[in-house]
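Here's the structure, in structure tokens; my notes come after.
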4 protein chains.
Amino acid sequence: MHVTIEQAEKAIQAARAKAVELGTQMCIAIVDSGGNLKAFHRMDGAWVGSIDIAQKKAKTAVFFGMKTGQIGALSQPGGSLYGIEHSNQGLITFPGGIPIVDADGEMSGAIGVSGSSVENDDAVALAGASAIGDTELPDHPWRT
Amino acid sequence: MHVTIEQAEKAIQAARAKAVELGTQMCIAIVDSGGNLKAFHRMDGAWVGSIDIAQKKAKTAVFFGMKTGQIGALSQPGGSLYGIEHSNQGLITFPGGIPIVDADGEMSGAIGVSGSSVENDDAVALAGASAIGDTELPDHPWRT
Amino acid sequence: MHVTIEQAEKAIQAARAKAVELGTQMCIAIVDSGGNLKAFHRMDGAWVGSIDIAQKKAKTAVFFGMKTGQIGALSQPGGSLYGIEHSNQGLITFPGGIPIVDADGEMSGAIGVSGSSVENDDAVALAGASAIGDTELPDHPWRT
Amino acid sequence: MHVTIEQAEKAIQAARAKAVELGTQMCIAIVDSGGNLKAFHRMDGAWVGSIDIAQKKAKTAVFFGMKTGQIGALSQPGGSLYGIEHSNQGLITFPGGIPIVDADGEMSGAIGVSGSSVENDDAVALAGASAIGDTELPDHPWRT
């Protein structure tokens with residue numbers, strides 16, 4: 001199943017609340033399990049450059065069913081996935097993109113957040129995803 | 001001035017209410033006066049193909065400060081702007097994109113709606129834009 | 001030879017003066033004979049959507065050594081060049097793009113103007129090109 | 001507020017004067033606060049490949065409200081923003097892109113310069129930006 005608009009808005013509001021708590025201005029994107037945009041929210045004062053990054057983080061997380069930072073650990077020079085960012089019209093592989101997993105253990109979509117340090121981006125994404133589901137999928141051979 | 005996130009969400013909710021009234025499933029996009037995405041909302045059941053169209057309609061409306069359909073009337077075969085859709089990484093020039101003009105007469109952004117007939121798309125966009133501003137800018141030689 | 005920056009700026013100032021005379025706000029682009037951007041000028045209040053169109057008009061004019069409107073006359077439905085706008089990462093084939101030809105009859109670049117009616121765009125482009133050269137090349141089998 | 005064309009031309013002339021002083025041939029781009037091109041100037045003899053780099057540097061600086069080199073320091077292999085260049089249809093994260101901040105402390109646009117060593121590019125960009133404003137925005141958690 002795909003994330004519903006009601007769930008997407010709930011995730012955005014939870015992410016936004018966390019962003020406010022951290023004193024940051026974020027772009028927050030929700031995509032469905034096909035990687036297609038469901039909802040987007042740019043807080044006042046957020047970087048214009050984060051619009052695309054937030055969406056690419058969400059897309060990247062759902063494309064491979066894992067947190068973006070897990071892919072980034074493999075895409076460094078010499079790593080097994082070096083250069084993967086060139087695929088799919090651009091991926092973002094540093095933290096801030098997190099899958100959203102429903103009660104049946106199926107991925108319903110993902111959230112992507114950009115606008116501050118990667119630690120803050122990740123914390124805000126986690127707050128959003130956790131408001132409507134889990135964030136870990138069953139094991140997969142690709143995962144580290 | 002750019003449209004704020006509070007205004008963008010108000011416009012989306014007004015557009016959504018109109019879409020529900022019409023029995024349609026819409027994608028609704030709000031961009032700021034620089035054409036950059038501010039907020040996006042895809043109703044459950046809306047066409048995936050409308051995600052991009054809604055955003056391109058909003059972008060097109062803000063890029064030329066007029067309703068998308070006004071450009072489309074000039075871009076038909078034989079028309080003075082035939083082929084303009086090839087610019088700006090793709091424009092959409094049929095109805096459903098409407099500028100948002102603030103109380104000072106300045107364009108603060110635009111709304112783009114896609115998901116039903118162009119008449120419905122336009123009605124939903126108008127409901128959204130009207131909730132937070134005007135939709136007409138001062139005269140300009142290009143307007144029909 | 002390529003248009004020099006001194007010539008490009010002279011053409012822009014002449015085009016701008018014509019735009020002011022017409023009461024319009026224009027984007028004005030100059031490309032060299034390779035189609036690469038030499039200079040660009042966006043008047044205050046010009047449409048954001050015209051930034052790309054002005055550049056594509058200049059590029060289109062230099063790519064085929066003729067005024068953009070001449071190509072547009074052939075690219076209509078049923079015409080011999082129908083759909084040519086899909087090439088070269090997007091062409092614009094309505095008036096407003098004009099080649100710049102030096103004293104030896106060689107094309108040194110082109111000017112592209114966007115921001116008003118195509119008649120105004122073309123008049124402003126002509127004012128710019130004429131300030132530094134001719135606008136017609138010797139015959140070519142493709143020309144109508 | 002967006003940078004005006006008068007300011008943009010003043011910045012370009014100041015940047016050009018610095019480039020001449022350094023004996024370099026530069027591409028100089030000015031974008032507004034939405035990242036849209038305002039003015040562009042390619043000195044005679046400048047690399048064709050610098051046309052795009054200058055524009056991407058200006059865009060990158062305005063997208064994140066900081067000098068391009070600050071982002072590049074974080075986007076190296078192993079860095080927290082590794083691969084960010086894949087976003088926004090291509091960023092350039094080495095020095096030569098600098099925000100332009102007005103008297104109210106708001107970012108009105110950015111300048112991007114390319115054509116020589118990054119030290120020279122940066123010096124020329126600084127000369128241009130300083131001619132019309134400041135170059136530093138208030139603190140933000142992402143800055144180094």
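Counting starts with 1 at the first residue shown.
For all residues, glycine too, the Cβ spot is worked out from N, Cα and C.
Binding of formaldehyde is attributed by Swiss-Prot to D:S114, D:D121, and within the candidate set D:K57, D:K59, D:K67 the record adds D:K57 to that site.
The maximal spread of the formaldehyde binding site, taken as the longest Cα to Cα distance among D:K57, D:S114, D:D121, is 10 Å. DSSP gives D:S114 (formaldehyde binding site) a strand state. For D:K57 (formaldehyde binding site), other Cβ atoms within 10 Å of its Cβ number 33. Each residue in D:M26, D:C27, D:S50, D:I53, D:A54, D:T68, D:I92, D:F94, D:P95, D:G96, D:G97, D:G112, D:V113, D:G115, D:V118, D:D122, D:A125 lies on the same chain as D:K57, D:S114, D:D121 and has a C-beta within 8 Å of the C-beta centroid of that formaldehyde site, without being one of the site residues.
Neighbour list (D:S114 (formaldehyde binding site), Cβ cut-off 8 Å, at least 6 residues apart, same chain): D:M26, D:C27, D:W47, D:S50, D:I53, D:A54, D:K57, D:I92, D:G96, D:D121.
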